[in-house]
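First the structure, in the form of structure tokens, and then the observations on it.
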There are 2 protein chains.
Amino acid sequence: MIQHPNFSTKEWSIFEEIFQPDILAQTESIFALSNGHIGLRGNLDEGEPHGLPGSYLNSVYEQYPIPYGESAYGNPEAGQTIINVTNGKLIRLTVEDEPFDIRYGTIHSHTRELDLRNGILNRRVHWTSPAGQTIKVTSTRLVSFSQRAIAAICYEVEPIDMPMRFVLQSELVANEELLPQSKDPRSSRGIATKLLSEEHQAQETRGLLIHRTSTSGLRIGAGMDHTIEGPSSMKIDADSSPDIARMTVTAQVKPGEKIRLVKFIAYGWSSLRSRPAIHDQVIAALSAALMTGWNGLLSEQRSYLDTFWSQADVELEGDPQIQQAVRFALFHVLQASARAERRPIPAKGLTGPGYDGHTFWDTEIFVLPVLTLTNPSAVADALYWRYSILEQAKERAQQIGLQGAAFPWRTIAGEECSGYWPASVAAFHINADIAYAVVHYIGATGDLEFEEKIGLPLLIETARLWYSLGYEDNAGHFRIDGVTGPDEYSALVDNNSYTNLMAQLNLRSAAEVASRHAQAAKQLQVHDEEIANWLRAAERMFLPYDAERKITPQDETFLEHEIWDFEQTREDQYPLFLHFHYAHLYRKQVVKQADLVLAMQLFSDAFSAEQKARNFEYYEALTVRDSSLSASTQAVLAAEVGQLQLAYDYLGEAAFMDLYNLEHNTQDGLHMASLAGSWTALVEGLGGLRWQDGSLSFMPRLPEKITSLAFRLLFKKCRIRVEIRDTEATYSLLEGESIKVLHHGEEIVLSSDAPITRSIPSINARPKPIQPARREPLRRNPGKMPMQQKSGPLYDKQSVESIDKEGIVPTID
Amino acid sequence: MIQHPNFSTKEWSIFEEIFQPDILAQTESIFALSNGHIGLRGNLDEGEPHGLPGSYLNSVYEQYPIPYGESAYGNPEAGQTIINVTNGKLIRLTVEDEPFDIRYGTIHSHTRELDLRNGILNRRVHWTSPAGQTIKVTSTRLVSFSQRAIAAICYEVEPIDMPMRFVLQSELVANEELLPQSKDPRSSRGIATKLLSEEHQAQETRGLLIHRTSTSGLRIGAGMDHTIEGPSSMKIDADSSPDIARMTVTAQVKPGEKIRLVKFIAYGWSSLRSRPAIHDQVIAALSAALMTGWNGLLSEQRSYLDTFWSQADVELEGDPQIQQAVRFALFHVLQASARAERRPIPAKGLTGPGYDGHTFWDTEIFVLPVLTLTNPSAVADALYWRYSILEQAKERAQQIGLQGAAFPWRTIAGEECSGYWPASVAAFHINADIAYAVVHYIGATGDLEFEEKIGLPLLIETARLWYSLGYEDNAGHFRIDGVTGPDEYSALVDNNSYTNLMAQLNLRSAAEVASRHAQAAKQLQVHDEEIANWLRAAERMFLPYDAERKITPQDETFLEHEIWDFEQTREDQYPLFLHFHYAHLYRKQVVKQADLVLAMQLFSDAFSAEQKARNFEYYEALTVRDSSLSASTQAVLAAEVGQLQLAYDYLGEAAFMDLYNLEHNTQDGLHMASLAGSWTALVEGLGGLRWQDGSLSFMPRLPEKITSLAFRLLFKKCRIRVEIRDTEATYSLLEGESIKVLHHGEEIVLSSDAPITRSIPSINARPKPIQPARREPLRRNPGKMPMQQKSGPLYDKQSVESIDKEGIVPTID
């Protein structure tokens, strides 16, 4: 997107100066609007051309049978996939006899801008139809943070030079056609879903459609109402059929006049409520929105975001692209979570159908840590969702022969939806990942009510899982065998270091919280002996170490395996999983994504500084980053061990994952974890943020290109600002009474008195680690755009060709 | 089957005294006739009732798409499944107005007998129709060993007491209906195949149908012709339609008269030949069979079997049931292989659709070793088939990133058909299993032409696979990581002992044979350096050993894993894979089937006697025998370590697998490997047969219940007979000049002079090893029938209920 020379780098927006039809699906993801409840892809108002039309409601899914080449006990039989619900965005325009379609006629200008402070998507078009009518169209779209069920569009069209007849058709459309299915396993399965009509109506400015899903038993209502300004002669009609509700405005408009249509869209859905109840719910939401009005919605939106940015903003000097990218990232992380309210935060948010709209472990390990320190109530909600599917997780544990709860690797509604168990069922760490998020949310907020009602049962049931999964061997080690860690290029290994450290935390935290809430724990059948067992298992947790090589193995036998032949692997053979069999990948030392390095990020105290440096160097040489869940982690550890240029490079990869479409699948939706990772790379990487004994600790250090970095955090009812410059860091308390933090190990107590400044000690870094051949991180030159991309062309090949055809030459630096 | 009190134990036949409709599918498998090219299940002549109608042609299959829950690189997309071809067995009889159907009327007697010496299935029925007509029907069926394309039935019907009108309809029927699909993953997928008609005709006594398969591109012809004797007034008609060719005989028959109809059935199929060519091929086969005549076919059949039994017979005293079972086993192993002629020997032979008609590794490791010493030309043919799919195996190796050839885990036509890679692709040992069969066939026959043309390329390409799959680590060990051994309750392990020993043999044998055929090897691009690499890898092959426990680990880390909780596992939870998730099974010490114990059988010299005893004891306690590929191996090692009662018990399990339906899936076809295993348990177990330095070595020892065991072997152009009694063994050379064998380590040279007798030394056995709770082998009392079955009821539950309903109480001893 912004890699195009026509894009501008703006601090507070993503601005597309020239319309690029070839990357439309990608920009639809980038320009998606969401509040965590409703998600609307950045499809054009008039519906066509489109990359992938998409309107989503959190947790509205369809079921499909999961097939297997060979059946086996315990394989999930039904999957869940996010579905494209009724499209409320559609506003078609006819200019005289000609549909407004930018594939025809002449575009004088076409800009789109995602405004990160106002939470709106602006579009301005200046266009002459094939028949010679020139018009200007302006639309502003929002999905309301303040009114969960509401989206709205302000659409204006005016004639230039001559009077002309406009027909506007504002619609709700169900059962839109989707593009054929991609073969990439990361995309959605695009099953042919069919929403079944239950009610349709349209009257005056209002329309409504109610549908239900075929197999998952959900009922969906979509409604619209409008306020319209225009010539007094304009005429308004309405009509509906089972899949369409339509309001039509017809007017003869003179130059200087315009039509201004504000469309209010409301959604409601339920698995329980009746058709009349859904009907009323939608109409009620519309009434509230109409009363608020367009300007009211705009101002509520701004106000919501002002609060967010006051808690979460990150400011940079020296690198405007990263500045833009990290705000873009935080905005989308907010969009995915703001009003999810006890529903999941999917891997792609509600920006596209990628990964079937499933939620995975990266929500807890990549997304929630950011929100924990910037918007913690969203974390409570996300973990409440985990709590709401605890019964399914307990049933699943029982089904696979374990105690406690086994959370699904991928799901929408709580049931395991994974069709390949070595990379899902075996990735038991998801359970400890949830526990990790619980522990840190509690640590950051001191939310004792949450701890007792939500945290306690989650910690207990996951601790029970670990205790039944592992066992104490004759040597007195608590071993956890046959699991898959974060690195998906290994599977079914014994004693994955990450998993064992996480399980240890999980067991200890469960014991601690159960002791703190003895009465509540007792009601969950926790007895002293069980707590003692957890503590003993945690104490004796087997943490492999290779004393000869002085390296922490990713898993017990990882270091014994052959090292992947990187020299012989061609650039076009990445990502490896699309070109090599798992039998090949699993038996070699090759790392898809940070695993032991992630363990070193999350358990900083479990490794000495020297050990971290050695391990980092070792795994750098093996890590190919075929996952978007790696660069940010590598950035964090690179910064810690003093590899600041490398940290800067990885920061860029994380930050530009979607803006530059580095994984070539942004069209299916944005990578929430990688977006969150750009914050992590900055705050935990360059800012050196860690948790230490319940406090926040900072070990800030900036790379050459970034002259200043400032970020804000919420922690224990305090709002903190940290500003880092070349040689010093300044800590301010923006809100709250006082708080202790650590600066490079030194304790500082912040109060409202005055900011505290400390100098940054130097670090003796080891030589720059090497990466696998052809997998070095992208090296950016922040003065120039776009950056050099090492793995594959900067544009998708097809995009380049399309652009070439149209005479626009992409600049690859 | 013969567990029923109404069955007799006969030395040379399987005799069913009373018809048991409830176990019909099982008896259809047991009474199946085959020559390796054609397979006819023991369906009743009149077609109904049936368990599972089945007529098969070796390698006639249909393709189906293999689905996946999640797609991944290198997963096979198309599977192959054996199909039920045109049924030529059908002879319907109408008695007056009443169809002859034993579900109606009164059965006075109904016997079936599989005659192992004559190679025929006899059936005699004495029946009174509901309308009161009493008849006798006799049918004798054969699938010709001497004329590969031919089956024949001699069908006689006579009236008792009164004259009556008979109508006989002898048919060819395509597209018979099959029963609904079973959920057991071991059964066939029963895809709805539809044969497409290309030609049908019927004229006088002859009929013919030609069809082709829908997707696999095969053309199938079936023809029939008849000779008919009966009253001179009888009338013969013929008619046909696309899926039926029919000859109808109508006659009024008086007591003392009868109708005798001999039906000759011929099959032909091809992927290349035209419809007219197939037509002529079928008619030509029929003409030859007609000229031979029924008596001629019978006599050719007897003569073929006389030769076989002279080479292969096993004689027992003291245990008539085992005597019967081992001849039954050898007969079916012969049937599966006799005329397979460069086509595969499937796991179920051609006795049923189980495992989709696929061929697996057990052909090479369980079936071919028996044939190598009893009917070696069938081994050459079976390995020629492997050679014929070498190109597909080379392509597959390349696809999964390896050198040489990667043979499919399961296939009919050569392409990998497995939909679950951890138990298929990763089970690389299949390649060394083929090499093992090659090496032993050559060793037993000295067939140098085979060695150069077939053996050499097979050995070279499999050696190349191993060399590319493993690697030499820094410690100088050649490691083979991430593989699955024979035990399917472990997967993706490092340095599976069985696999590494097999790979070592494969590498060494390739080097040896390539050196012996330097010119031919050169044409296959083998150079000295490659041979040196193979030898070095073999020399440095990592063979794990746990010096502390003094146990050979099944794989490098196997002994570190938690031992399965056998005490808590209920009897109804076996087989475990139908009740526990693989994630649960893989990470624990629990053995589905002999793995390290099989390695000790095949590589006797690689372990000291003491080590074998220790290992055997260790793995006995872990082995649950959820596979039919285990009991025979355990019998062999039990005998070797002096556990003779245990060897005897396991022998029984192997021998009665199908006759007693111990795995509850005999209805889908017989277990060829377990049948072969009954020979192995006797000859390699009690006979103590091993290969040692190119000679046969014997360490015979009999359990108490067996007073005498004699067996015959073909080896290096000699025919040997070994007879073992309590304290001594006698070795005779029946044919050939002279040969050296070993008796308990002592060298004996056999010549045609006179048998040599040697006494059997005693052995100090360790205490009887224990098995997992509730998984002790069945203990038989050979004087009484049937034996006690420990795992599940003796009958399938359903069968017992059916029998009870009919007032026949099964005896469970």
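Glycine too: its Cβ is placed from the backbone N, Cα and C atoms.
So that you can see what the record holds, here are the features copied from TrEMBL:
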DOMAIN    A:16-270  domain 'Glycoside hydrolase family 65 N-terminal'
DOMAIN    A:327-680  domain 'Glycoside hydrolase family 65 central catalytic'
BINDING   A:TRP361, A:ASP362, A:LYS592, A:GLN593  substrate binding site
ACT_SITE  A:GLU488  active site, proton donor
DOMAIN    A:689-750  domain 'Glycoside hydrolase family 65 C-terminal'
REGION    A:760-813  region 'Disordered'
COMPBIAS  A:798-807  compositional bias 'Basic and acidic residues'
| Nearest-integer angstrom distance between the alpha carbons (Cα) of A:GLU488 (active site, proton donor) and A:GLN593 (substrate binding site) | 7
| Would you list the DSSP helix, strand and coil counts for the residues of the domain 'Glycoside hydrolase family 65 C-terminal' (A:689-750)? | 0 helix, 42 strand, 20 coil
| message | Of the residues named as substrate binders, A:TRP361, A:ASP362, A:LYS592, A:GLN593, how far apart in Å are the Cα atoms of the most distant pair? | response | 16
| field | Three-state secondary structure, which DSSP defines for A:ASP362 (substrate binding site) | value | helix
| note | Residues sitting within 8 A of the centre of the A:TRP361, A:ASP362, A:LYS592, A:GLN593 CB atoms (substrate site), not counting those, run A:PHE360, A:PRO486, A:ASP487, A:GLU488, A:SER627, A:LEU629, A:SER630, A:ALA673
| Under 8 Å by Cβ from A:GLN593 (substrate binding site), same chain, sequence gap 6 or more | A:PRO486, A:ASP487, A:GLU488, A:THR623, A:ARG625, A:ASP626, A:SER627, A:LEU629, A:SER630, A:THR633
| remark: Within the same chain, the residues at least 6 apart in sequence whose Cβ is under 8 angstroms from that of A:TRP361 (substrate binding site) are A:TRP409, A:ALA427, A:HIS429, A:ILE430, A:ASP433, A:PRO486
| said: Using a 10 Å radius around its CB, how many other CB atoms surround A:LYS592 (substrate binding site)? | reply: 22
| request: Would you mind checking how many other C-beta atoms are within 10 angstroms of the C-beta on A:GLU488 (active site, proton donor)? | output: 22
| DSSP three-state assignment (helix, strand or coil) for A:LYS592 (substrate binding site) | coil
| request: Tally every other Cβ atom lying within 10 Å of the Cβ atom of A:ASP362 (substrate binding site). | output: 24
| field | DSSP state at the residue listed as 'active site, proton donor', helix/strand/coil | value | coil
